[in-house]
Amino acid sequence: MILEDLLMVLSCLALHILWKVQAVPILPLSLVPDTFDDAYVGCSEEMEEKAGLLLKEEMARHALLRESWEAAQEAWAHGRHKLTLPPGFKAQHGVAVMVYTNSSNTLYWELNQAVRTGGRSRELYMRHFPFKALHFYLTRALQLLRGTGGCSREAGEVVFRGVSSLHFEPKRLGDSVRLGQFASSSVDERVARRFGNATFFNLRTCFGAPIQALSVFPEEREVLIPPHEVFLVTGFSQDGAQSIVTLWSYNQTCSHFNCAYLGGEKRRGCVSSRAGQPESFSTEALALQSGKTLLLAPGELQLSRAGP
């Protein structure tokens, strides 16, 4: 009788664990082609001229954006004098970072939802993407804070990212993937684990920018990774209900969009931008160590998964 009871308890425990694992959605890691991934290569100055008015129009239509921006603007005015910032870094760039890092509201989540699906077409972006100015200012902030050259200029940053509600899994080792959104990470593994363990990422990023000095929560020691950075999947394992993923940056970005607000259409392939040349596109195929590349046109690449 005791043995039967014990087996019953173990059976129930196993079912409970299985239910918990299955209750967390599983999403494949990929190049997320529907991401709005504009890096504004060659048009950042023109976008700076237009983004101010665009921001006012978008704030008029989105109350949370207006409230968040105004609060961050006030905080920026009080703290700006304490910061050492790179040339070209404007107040709007700093305010955009503060808006994003303020997790006391849902704006960062709404922005990333829009980013992950807003790149299906330029028409969809123009008509329905509600954060065009915020996306531009945040993208430029990361570019200016990180500087040009990626890992060609300085060593990549080893960071950690915890996700609480989703299991991300690669199809296989050697895949080329992007995170497909603005992805928060930390140089402190303990901090990252506080944000979740359904998926835990170990990353080496070449284009993620340290934003601790600008963050609403500086103790998180955050590094913010842009949607368009390309990574190699170098490791994957599962420990109970946890997926553990290791990603290594290619020191490369790729985008389907460039200067979309100014008329740039979505391109068939993901166009790579070589580190160190942020205002021009590479005309060569990416030297992917474990994947395949299909050359489409000068500067255009279709990154495909590794394997036969």
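Using the three backbone atoms N, Cα and C, a Cβ is placed for every residue, glycine included.
Fair warning: this is a prediction, and the values are worked out from it, not measured in the lab.
Take the candidates Cys12, Cys43; Swiss-Prot pairs Cys259 in a disulfide bond with Cys43.
Going by what Swiss-Prot states, the NAD(+) site holds Arg161, Gln181, Ser215, and the candidate of Tyr100, Tyr261 recorded there is Tyr100. Mapped onto three states, the DSSP output places Ser184 (active site) in strand. Fewest other C-beta atoms within 10 angstroms, among the recorded positions Asn102, Ser215, are seen around Asn102. Other C-beta atoms found within 10 angstroms of the C-beta of Asn197 (N-linked glycosylation site) number 17, with every protein chain shown included. Distances between the Cα of Glu222 (active site) and those of the recorded positions Arg161, Asn197, Asn251, Cys259 are shortest for Arg161. Nearest to Ser184 (active site) in space, judged by Cα atoms and limited to the binding-site residues Tyr100, Arg161, Ser215, is Arg161.
With respect to Ser215 (NAD(+) binding site), the closest of these recorded positions in Cα terms is Asn102, chosen from Cys43, Asn102, Asn197, Asn251, Cys259.
Per-residue pLDDT, averaged over the domain 'TR mART core' (63-253), rounds to 95.
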